[in-house]
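Report on the structure given below.
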Amino acid sequence: MEQQEPGATLDDGMDSFLEKFQSQPYRGGFHESQWEEEFEKIPLFMKNSPSEIDPLENPDLACLQSIIFDEERSPEDQARTYKDEGNDYFKEKDYKKAVISYTEGLKKKCADPDLNAVLYTNRAAAQYYLGNFRSSLNDVTAARKLKPCHLKAIIRGASCHLELKNYVEAVNWCDEGLQIDATEKKLLDLRAKADKLKRTEQRDVRKAKLKEKKQQDQNEALLQAIKARNIRLVAEAAGEDEDSASEGLSELVLYGLSSENPCGARLGVDDQGRLSWPVLFLYPEYAQSDLVSAFHEDSRFIDHLMVMFGETPSWDLEQKYCPDNLEVYFEDEDRAELYCVPPSSTLLQVLQHPRYFVKALTPTFLVCVGSSGFCRNYLRGKKVHQVK
């Protein structure tokens, strides 16, 4: 019997297999209508991997994942795999997934300090590009504890301090890095920028302090000018004695002196030491008001009324609000009494009246037409005094 060679037998077997294979329809091919979706399920050709892998839906991908992240591998190998995965995400600018991968690598708690330092530094970079500068700074700080001379961590930390406007710290980190490599361009550029911003910030702080001191001095001078004129502020109407008023009131008044009222007016003093007040005029008949932003203390009421009512206001439909017809009052709220102010009086004369109290550093007066029915009704039942 003639013996057949092994190769001939193999070839004959393969030929018969191929003949049988060709005669049978192929059942594992793509469907024409959805071949792109099926193609995307092949791990090699996936454009984006799913965030959660279902073994039933993607068995091939689940198999690959189990191989890559085999828990039986050493912590160092697993951490290195997560580092590489994070790097791939980082290159794709998918910084959130990169952070997750680096975090998983750190969770392996491998014994390699250099690898852990790289994981911290890389995660810091991803956090930085996400705008999480504080988290990024925490990571590079952890990296430097493991590897003090890690230049990339130092550069990233300096950048974080710069973004957080910690300019002094940014300069310090740059100086520490330049001790390792005095020619590192990134550190040199960062230091120059941080130092410039630090000097600008320090200058602005000095200017702000000088401005605050100047304002405080001006406010103290204004407060002394008010007290020298025996003008009573509203807090003094609460029955406080002079000492408690000067203690408790000063802070309140100084705050008010530094603030503008809603219309932007503020108590001021001229070169001769004379005061100008923001003064509010109320017209209860029509629920209207006027604010004189700078009523000089030596000016008379009639002088302002002549200007304010030189033309008839739009709301004065009866055209009765003429300077000669107007009466000016201030109210003593404690006693529920009114005081009629002579138009020829100066503002200072009225403010020095023993029953006048200035509220919110803005003197307020009521104005109405003396001969009108509204004025008679408004004054009915009220005790009215005449200011002399």
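Every residue gets a Cβ built from N, Cα and C, even glycine.
Remember, predicted model here, so these are calculated numbers, not experimental data.
Annotated features in Swiss-Prot:
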- Met1: N-acetylmethionine (MOD_RES)
- Ser51: phosphoserine (MOD_RES)
- 79-112: repeat 'TPR 1' (REPEAT)
- 117-150: repeat 'TPR 2' (REPEAT)
- 151-184: repeat 'TPR 3' (REPEAT)
- Lys152: site 'Essential for interaction with HSPA8' (SITE)
- Arg156: site 'Essential for interaction with HSPA8' (SITE)
- Ser244: phosphoserine (MOD_RES)
Remark   = Same-chain residues at least 6 apart in sequence with Cβ under 8 Å of the Cβ of Lys152 (site 'Essential for interaction with HSPA8'), in sequence order, are Thr121
Message = I want to check the contact list for Arg156 (site 'Essential for interaction with HSPA8'): same chain, sequence separation of six or more, C-beta distance under 8 angstroms. What comes out?
response = Thr121, Ala124, Ala125, Tyr128, Ser136, Val140
Ask   = Taking every residue in the repeat 'TPR 3' (151-184), what is their average pLDDT?
value = 97
Remark   = Grouping DSSP H, G, I as helix and E, B as strand, the residues of the repeat 'TPR 1' (79-112) number 26 helix, 0 strand, 8 coil
